[in-house]
Amino acid sequence: MRVVNAAETAPTGYAEAVTATGLKVRAGRRMAVDGLDLALGTGVHGLLGPNGAGKTTLIRALATVLRPAEGSLDLLGLPATGNPREVRRKLGYLPQDFGFYPRFTVREFVTYLAWLKEMSKVDIPAAVQRAIEKVGLADRADDRMKTLSGGMLRRAGIAQAIVNSPELVLLDEPTVGLDPAQRVEFRGLLRELGEHSCVVVSTHLVEDVAAACTDVVLIASGRLVWQGTPAALAAAGGADDVGDSPTERGYSALLAAHTDRRGADW
Amino acid sequence: MSARVLGIELRRSVALLAGAVIVAAGLAVAFMMFQKDTSLGQWTAYAGLMRYLLEILCPLAIGAGAWQGRRERRSGMTELTATVSRPAWQRVLPVSGAMAITVVVGYAVVFVAGVVQVAGNTTYQHLGWLPIPLVGALALIASGWLGLGIGTLLPSAITAPVLVAGSLMGLIALRVLVGGKAALLSPELGGVLSDHFVAPAPRVTIAQVIWFAALAVTGIVLATGIGRRRLFALLPVALGLAVALPLLPATREATYVADPGAAEPVCTADLPRVCVGKAHANALQPLVGPAREALRLLAPLPGAPTSVAENTRDTYMTSQVKPQPSDVLLVSLPTYWLDNRSRLSMTEEEALSELLLGAGTTPCVRYHEDPNPAELEQYRRELDARHLAAGLLLGKPLRTFGSEDKAMWPALQALSPEEKHRRLGALRTAGLSCSGDLMEILTGSGAR
């Protein structure tokens, strides 16, 4: 099986919202992202990989939480290691461990985050209402965060991530806690966001990627394994590969090939 | 800063609770301790009393700030807030602003609770006291922000209670154990403001403004700084100390200045004239009778006074007003002679006795808080002589006689009227200029 490099698979027309070259990022003492080359433009990019592949570390680096140890990382045309303020204004981020102020209402929480993102104060109320409606929390907008269920909290987290109409949206495990109907709605939201923004979704759920993403980024051991369309991912799998769906079989096939190749390299 | 976000912080942060705690604790302490305080009779004294309250309220503000400071960590929001574009110093504005608003409003509520009483009690209406609560409010803000900074730096559940207890003990220790100019680094101003004729020296106000502002900036730097940048928080503290300490006076006397408005004489229209300071105008009428009786009793003595005036320079008789003019009988009206409305709280007989002490002279021996045995003996001797002189003028022993006085009284009482007159005249002459031992003069062992 041929491992496709990023440059070949990046859909044409991408504005290269994310460009990583030889990117290395530490997670504690471990080099969790270890020489990654990646180019991402407008669209929805599903970030797949096994546990410990470096997905969250990569997302955190893209979110400017972690600084690259080596290599270069450009976000929205600007170096991530410089002044990240410009990038952060256009960033939407949902961390894996999403924290929130329990005493705030949903509206207050999203308003507060909009202010932290330096949105114009005249735009904030409408943008907050829009974001809350998009995640289906309009009827709970004035309820306190601590009264929400896990799935609702996740949706509130997505609302704060998208309130500033970000050009780069980073969602780490966004569908955790969502029920099937909510996941379907969320995929629609992702597709909508991806029309104008670069959306990076880290997930274990391959079917989410298949349904909502325009591009799949498969990483393992901190490196890019494969990048391509969901259709190409599905095509990569065979009948004997592990998985209930074509995309899952493609995923396991690509990972297995990567593991074999690494073994051969050794 | 967005008013909307400030509103959110006012509703949802610890700020509102902090304000409520300030109000509850402030009113509780004020109700329990100050209800009968004569400081409720004068604006400056009342403002000073409210500063005293800060010894309790500032630690509470520090605790509230510290509790607020750990919110990011407690809520797991540090990851998210690390990715927002607004600079850290701006991010801390709403929460610090909310904290400042609520603690100041809380303090104002406590302050206002006594305002009606003071306004109704005093005859000296003025605004010269305003800097006192304003500096107090700044001290509360500084406390809240310092707590916020420390709570951010050490986001543990025990930080707040430890800070409350530590700062409370620290402030008490600063006043009781350290003293001197360092004590003025605390928000409390010292009890001398209960003297109705003084105000804090402007240099004290300026120094405290600088110091508390430095503490406030330190809190903000701690709350916004990351890693080693937090070391910059030491700069404002060091700078504040370097500027404030030299400004603060070394002695307690220099901490205060006379308030000429409070001391402005208010006098009877008729003669013999009796005057009190404007702050004690309510005491004038009850004082007139004993004052004129004292003038009558002193009239036969050489250099007898012809009018009575309140001694507004030395209410607590801690320093001498010497040489004392012979034609004016100076009387001190310390707060323990007065009620809340600055009216005499003593009987006319007691007032007359006080007016005749030392045959109408002010004390010569200065009393201070920590006298040595020799000083104490000197003070006691003079006090005995002063009381005996008053008794001789009244023709009867005073109720305030001590055992020494009582022992000497029969012999003095048995003297001929001429001899009594001579000795009292000599004592008065000596008392006016503080020359000689009053007891020796009175008992005849050193009479001239």
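Quick reminder: no glycine exception, Cβ is built from N, Cα and C everywhere.
Whatever TrEMBL says is automated annotation, not expert-curated.
The transmembrane segment feature in TrEMBL is assigned to B:12-34, B:46-67, B:92-116, B:128-150, B:162-184, B:204-224, B:231-248.
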How about the transmembrane segment (B:204-224) with the transmembrane segment (B:128-150) - do they touch, taking at least 3 C-beta pairs under 8 Å (6 or more apart in sequence) as contact?
yes
Is it the case that the transmembrane segment (B:12-34) and the transmembrane segment (B:231-248) have 3 or more CB pairs under 8 Å, with pairs at least 6 apart in sequence?
no
Interface check, the transmembrane segment (B:46-67) with the transmembrane segment (B:231-248), three or more C-beta pairs under 8 A:
no
